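Undergrad: Right, I'll just put the structure down here and ask away after.
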Amino acid sequence: MVARFATPLVLLVLIVGVFFAVDSSFILRVAALVFIYGLAAIGLNILVGDCGQVSLGHAGFLGIGAYATAVLPAQTGLHPLLAMVVGVVAAGLLALLVGRPVLRLRGHALAVATLGLGILVAMVITNEAWLTGGPDGMRVERLTLFGWRVRGADNWYWITAGVLLLGALVACSIKASPTGRALRAVHDSEVAAMVAGIDVARYKTLAFVISAVYAGVAGGLLALYDGFVTPDVAGFLNSIELITMVVLGGMGSVLGAVVGATILTALPQLLTAFSEYEHMVLGLIMMVVMIVLRAGIVPSLLALVGRGGRA
Amino acid sequence: MKHLLLTAVAAIGLTMPAAAQDPIKIGAVLSATGPASFLGEPEKKTLEIYVDKINEAGGVLGRPLELIVYDSAGNANDARTFATRLVEDDEIVAMVGGSTTGTTMAMAPIFDDYEIPFISLAGAVVIIDPVQPYLFKTPHTDRMACEKIFEDIQQRGMSKVGLISGTGGFGKSMREQCLDVAGNYGIEIVADESYGPKDSDMTPQLTNIKNTDGLEVIVNPGFGQGPAIVTRNVKQLGIELPFYQSHGVASKSFIDLAGDAAEGVRLPASALLVADILPADDPQRDVVVSYKSTYEDATGEDVSTFGGHAYDGLMILVGAIERAGSDDPVAIRDAIEETSGFMGTAGVVNMSPDDHMGLDLTAFRMLEIRDGEWTLVE
């Protein structure tokens with residue numbers, strides 16, 4: 001029980017603390033982006049950290065969530081929130097469709113398949129300009145809830161923070177459940193897991209679908225928040241950033257995923273003064289973390305404090 | 001903490017001599033690195049060079065300009081974050097830049113919300129059509145490039161056009177605009193082929209075009225190395241028809257890449273490209289020669305039309321601030337909209353409430369490549 005609520009509680013304290021510590025809506029905006037990417041990273045961490053599978057095209061699911069939220073209201077007049085739900089379901093179904101056959105194979109089959117999938121989604125978004133606006137992107141209808149037009153950095157801060165907390169709570173519950181134990185067993189040894197009666201392919205697919213749903217939600221939120229989407233969101237670089245967030249923050253740690261997302265989203269803002277060297281500094285930080293804190297920032301630090309690495 | 005700092009800054013400010021006036025803050029979010037850096041880099045250098053020059057000459061309204069530049073690397077999401085930062089933290093009064101259409105459209109709602117004028121340096125027509133109150137732009141649109149090409153074709157007494165366009169953002173957008181305006185010039189598109197951004201041979205598409213009945217002229221909307229390959233392929237296939245490129249290849253590197261095959265190719269481009277050969281009585285001559293020499297002296301690099309867009313944007317803004325007589329963003333916006341007779345590197349700018357670009361077709365020059373050099377057609 002403690003494990004299930006500890007991480008969301010820490011997050012809640014941080015979220016409330018940051019809100020009252022800053023008085024700039026620019027910082028609130030960056031924080032909201034951190035929450036959105038943190039959500040996607042938490043989802044991806046269930047697949048990568050817990051289940052031990054790699055997805056190199058996860059931004060594709062982000063793109064599906066984002067573009068469903070953008071395209072459906074424009075084409076059919078659907079409410080943006082419903083459109084986002086459709087996008088999330090579509091992301092989950094696509095993951096199921098791709099994951100089921102691929103995840104029966106061993107090794108890095110999923111990494112290769114998702115690499116292709118991500119690039120495909122980005123290409124479709126770029127090329128179907130009549131629907132998606134092509135490389136220049138498209139506008140997203142602003143979100144209105146019961147006649148209230150959602151705007152302003154502080155409102156979005158709380159909305160994205162709420163969704164992040166919910167996502168963290170669900171992720172922690174999964175970890176504490178038999179499903180979570182089964183996923184970790186698959187990660188440790190597929191053969192041993194099979195011997196213990198775990199349907200390996202089924203659990204891998206489950207983890208993949210869950211992570212795609214998280215990414216879909218994050219994509220939809222990003223579209224609603226920005227009011228504008230471009231194909232970058234589904235791009236390969238974005239996929240790599242998501243994986244980096246997970247590995248940097250700490251594989252298998254919910255808090256780690258959020259820490260990773262914070263570093264990759266907020267650091268470029270701190271480094272604007274030397275934007276020419278931004279990528280160099282980011283790369284350097286990653287190398288140092290990987291050498292010194294091998295398990296990722298949060299698990300390594302927790303181990304250092306001596307509490308054992310299960311946050 | 002922040003208030004403490006502000007108080008400290010204010011205290012220092014009081015003890016300083018009156019000459020050091022509050023700067024007028026203008027912002028820029030440019031794609032200075034990444035895939036669109038060929039746009040953002042000259043834009044950034046141009047803004048920095050000219051802000052320094054203006055400050056050396058005494059600033060604007062007796063106050064120095066302060067330029068705050070962020071690099072979006074072409075990413076729309078980052079651009080939006082930086083735009084928020086410019087209006088919230090840096091408290092700018094006006095904005096120049098947005099190198100690409102994607103970043104411009106992503107940032108536009110923020111400046112609209114905060115009522116701060118935004119002069120974009122990106123090409124597509126969606127930026128100014130429909131007109132948004134706080135959004136302006138300086139470059140020609142791809143639609144105008146098509147119109148200029150078709151106008152020239154019409155004058156030469158031809159009408160049957162074969163299109164071969166790149167599938168990148170630029171080529172695709174221009175192709176649509178060309179199809180849209182063709183009718184206005186009595187142009188009939190008899191063939192419509194396309195190629196991918198990384199294709200290295202376009203002879204199959206060109207063979208299709210070549211075999212089309214009644215074909216009189218070929219037009220290639222595209223960008224980057226694709227058009228140079230198309231130009232070479234046209235020569236290799238022995239196609240002798242008139243051949244038009246777009247303003248997207250208006251740089252010396254196109255002639256270098258296409259080599260002999262570029263001979264006789266026509267394209268619409270800004271006067272900046274032919275600054276050296278403009279006749280002495282050309283009204284645009286002074287502006288483009290001065291910008292070209294300033295930029296080339298300061299950077300040691302060849303001038304590009306993209307840097308010119310940044311020059312135009314900055315000068316329109318400075319003119320507007322002077323006419324408004326204040327740094328109030330809404331007053332500046334109104335003054336930008338009243339810009340008339342401004343001579344920039346892109347041509348004469350006459351803005352109005354219905355036209356937030358203010359350029360007409362005379363802003364484009366029709367060029368022809370002769371002996372590896374640009375020559376004026378008119």
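Even glycines carry a Cβ here, placed using N, Cα and C.
TrEMBL labels come from automatic prediction, so no person has curated them.
Sharing the feature lines straight out of TrEMBL:
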type: TRANSMEM; residues: A:31-48; note: transmembrane segment
type: TRANSMEM; residues: A:55-72; note: transmembrane segment
type: TRANSMEM; residues: A:78-98; note: transmembrane segment
type: TRANSMEM; residues: A:110-131; note: transmembrane segment
type: TRANSMEM; residues: A:156-174; note: transmembrane segment
type: TRANSMEM; residues: A:206-225; note: transmembrane segment
type: TRANSMEM; residues: A:245-267; note: transmembrane segment
type: TRANSMEM; residues: A:279-305; note: transmembrane segment
Undergrad: Can you work out which residues elsewhere in the same chain, 6+ from the ends of the transmembrane segment (A:156-174), have a Cβ less than 8 Å from its Cβ atoms?
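TA: Sequence-distant neighbours of the transmembrane segment (A:156-174): 3-8, 11-12, 15, 19, 28-29, 31-32, 35-36, 38-39, 42-43, 45-46, 150, 180, 183, 210, 214, 217, 221, 225, 254, 258.
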Undergrad: Would you kindly list the residues that approach the transmembrane segment (A:279-305) from elsewhere in its chain, counting only those six or more residues past its ends and only Cβ-Cβ distances under 8 Å?
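TA: Same-chain contacts beyond the ends: 244, 246-253, 255-256, 259-260, 263-264, 267-268, 271, 311.
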Undergrad: Top stretch among A:55-72, A:206-225, A:245-267 for CB pairs under 8 A with the transmembrane segment (A:78-98)?
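TA: So the stretch in question is A:206-225.
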Undergrad: Given a Cβ distance threshold of under 8 angstroms, which distant residues of the chain, six or more beyond its ends, lie next to the transmembrane segment (A:206-225)?
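TA: Beyond its ends, the transmembrane segment (A:206-225) has Cβ neighbours at 32-33, 36-37, 39-40, 42-48, 50-51, 53, 55, 58-59, 61-70, 80, 83-84, 87-92, 94-96, 98-99, 103, 110, 140, 143, 150, 156, 159-160, 163, 167, 174, 179, 183, 233, 242.
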Undergrad: So if I exclude everything within five residues of the ends of the transmembrane segment (A:245-267), which remaining residues of that chain have a CB under 8 angstroms from its CBs? That is, six or more out.
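TA: Same-chain residues near the transmembrane segment (A:245-267) but 6 or more away: 7, 10-11, 30, 33-34, 37-38, 40-42, 44-45, 48-50, 164, 168, 171-172, 175, 184, 281-282, 285-286, 289-290, 295-300, 309-311.
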